[in-house]
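*Asks:* The structure's right below; bear with me while I get my questions together.
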Amino acid sequence: MVNVPVLTVGKTVEEVMVSHLAEVSITFVVVCLCFIGLLGNFALLTATVIYKELHHKISFIVAVLTCLHVVCLLSELYMEALQLRFHPITRLECFRHTLIYEFAMLAQSSMFFMLWMDYLLAIIIPLKHRFFTTVTYVFTMCLPPFVIAGIAIILVSVNMDSDPIEFCTPITMIPVNTEWILYVINGLNVAALLLNVINFLTLKYRGRDPALRLSVSSHGSHKSDIKLMRSFILMAWVFVCSWCLSVSSTLIAVRLLPKEISSTALTYIVVLALPTYCQGYFVTYSRSARYRKAYRKLQHLIFPWIVSPADTKPSTDNGSKGIASSL
């Protein structure tokens, strides 16, 4: 029996076993979260296609965002299947494996900013916002994120090198001289969250001030606006606490931490980004009566012996004629 206390990479057998156990555990968690997220996202997309109550501008924008999240989750499963994450690889080879993932990740991160823009336009120009044709409006709102992602991919590919990297992820793959793209996108989304909070507080103040209340009907619409604003803040908050934190943590681990600590941190950081890709169904179910009714109809269609028909009655939201009627 040969005693091998230290491996060639400078780690003991016990350390390697602990590292391997961590990799297996993280892989299990990632795969489970991906399947949960995919089920929820496919439910959201199916409900959006089937039920007319979800055929609204913002619902279609959320559906486009969800499609990007589906691509991200499928890409995560692809990376886990090939075991790309936990093995040294060149940056160029990692780029080839994660190109589609990178594009979808950057596009979805910009979509959150566009969701805030949609709500801002609904407040500033409510009449024009309502009478925009759905296809034109959704295309116009979704085009900038795809353009930004396309430009970012071009910049990354132009500056790509063949340097070795310890972990293959869409973040570690980006060359150092193009990391500013991530800083800009993170900054925009954090700013959007802060503006959402300010907007929410302004709406609440307007609702409490009798001098700013216009009528009973406008009060109903105002309550609907408040509910929609809470949904946006929740989605933006999950995004900032999930994806933005994951990106920031990865950059800090790679650039500032010692190699041993960095490797351990990168093993677990992957889990931080997944709630962003899984949140669509759960946020809309918890915050929107309109989505909730559509989901229950879908559940009754698939599981008629479990979901009661009484749960599928049309929603009678207050303020359904306001600018937030789509949710």
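Any Cβ shown, glycine's included, is placed from N, Cα and C.
Just so it is clear, the model here is predicted, and its values are computed rather than measured.
Pulled these from TrEMBL:
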- 40-243: domain 'G-protein coupled receptors family 1 profile' (DOMAIN)
- 26-51: transmembrane segment (TRANSMEM)
- 58-79: transmembrane segment (TRANSMEM)
- 99-125: transmembrane segment (TRANSMEM)
- 137-160: transmembrane segment (TRANSMEM)
- 180-203: transmembrane segment (TRANSMEM)
- 232-253: transmembrane segment (TRANSMEM)
- 265-283: transmembrane segment (TRANSMEM)
*Asks:* Counting Cβ pairs under 8 Å that sit 6 or more residues apart, are there three or more between the transmembrane segment (137-160) and the transmembrane segment (58-79)?
*Replies:* yes
*Asks:* Which residues of the chain, 6 or more past the ends of the transmembrane segment (232-253), have a CB below 8 A from one of its CBs?
*Replies:* 109, 112, 115-116, 119, 169, 171-172, 179, 182, 186, 189-190, 192-193, 196-197, 200, 261-262, 265-266, 269-270, 272-276, 279, 283, 287
*Asks:* Among 58-79, 99-125, 265-283, which stretch has the highest count of C-beta pairs below 8 Å with the transmembrane segment (26-51)?
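*Replies:* The listed stretch sharing the most Cβ pairs with the transmembrane segment (26-51) is 265-283.
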*Asks:* Sequence-remote contacts (6 or more beyond its ends) of the transmembrane segment (58-79), Cβ cut-off under 8 Å?
*Replies:* 30-31, 34, 37-38, 41-42, 44-45, 48, 85, 97-98, 100-101, 104-105, 107-108, 111-112, 114-115, 118-119, 134, 138, 141-142, 168-169, 270, 274, 276-278, 280, 284, 326-327
